[in-house]
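Structure record follows, encoded as structure tokens.
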Amino acid sequence: MDVLMRRDLIIDWVETAAQEIKTQMSNDLEVESKSNRKDLVTKLDKATETFFRKQINHYFPGEGILGEEGMGETVENLTGPVWIIDPIDGTANFVLQHNHFAIMIAFYEDGLGQIGVIYDVMADELFVGIKGQGVTWNGHTWQPPFTDKPLDQGLLAVNGSLLMANRWQVQELIDQAMGLRIYGSAGLEFLAVAKGELLAYISPNLKPWDIAAGAVICEELGIKLSQFDGSAIDYLAANPIILAYPKSHQKIRHHYDSNK
Ligand code: 2AM
Ligand code: CA
Ligand code: CA
Ligand code: CA
């Protein structure tokens, strides 16, 4: 099946899932903690991932699926077709704000991103990136309105734990930007960079499903994505990431190398 047919199916699944999430959102979410008090999961994270897995298994039996709420089902390698899913990104926002969360689905082949979809559910903003074919916003061709400005002329997002620990003097770097923003959803932070609202996003510990969809969208727009040390993302591990327009990426990389 060609890439546009896959894209259309993904959009259909995402819209169905978002409608269900909105309908159920005011009911008991059955919130549980995972690794720590702040690491939450709800019954809608699980149900949404299960829904996507069922659709993929129906239309594309045998293709690999890597998802945050995998419940034991995962992939060992990225050979061939692999779906990478974050059913609700920004679960703490979802639980505590009923807002500012995203659904993310990506399709990779032999480790290379082919399709990335991020849906900001409450804002009704759907971004789709297809490798070599650009990015759309709610069906319209998308290009960020701002050019590659230096870091001191724009805003920066940094993960809260990295900021508080001030690892590699990150507070000094933040001080060079026009201001700091913290969204609490990696997906929405990737989208803010794709929109040109942020020049950069830095996060120390993102999983493959936090990165996969946004990587396709942002790389299609010429935005740079790497680990802190400049190496490529490992889609089978946790990654410290710098996502930024080229000038800011270079600035952040240099600051990291000088202070790590
Ligand atoms: P999640 O809501 O899907 O778990 C918050 O800074 C961002 O980091 C969110 O996108 C969140 O995704 C992600 N994240 C990754 N690992 C996390 C963890 N252990 N606890 C909370 N958020 C995590
Ligand atoms: Ca989570
Ligand atoms: Ca996530
Ligand atoms: Ca999640």
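Including glycine, each Cβ sits where the backbone N, Cα and C put it.
TrEMBL annotations: computationally assigned, not manually curated.
Residues or ranges marked as Mg(2+) binding site in TrEMBL: Glu68, Asp86, Ile88, Asp89, Asp210. Taking Cβ-Cβ distances under 8 Å and a sequence gap of 6 or more within the same chain, the neighbours of Glu68 (Mg(2+) binding site) are Asp45, Glu49, Ile85, Asp86, Pro87, Lys207, Trp209.
Apart from Glu68, Asp86, Ile88, Asp89, Asp210, the residues listed for Mg(2+), the same chain places the Cβ atoms of Asp45, Ile85, Pro87, Gly90, Thr91, Ala102, Met104, Ala186, Gly187, Lys207, Trp209 within 8 Å of the centroid of those Cβ atoms. Ligand 3 lies within reach of Asp86, Asp89, Asp210 from the binding-site residues Asp86, Ile88, Asp89, Asp210, judged by a C-beta closer than 6 angstroms to any of its atoms. Taking Cβ-Cβ distances under 8 Å and a sequence separation of 6 or more, the neighbours of Ile88 (Mg(2+) binding site) in its chain are Ile21, Thr42, Leu44, Asp45, Thr48, Phe94, Phe101, Ala102, Ile103.
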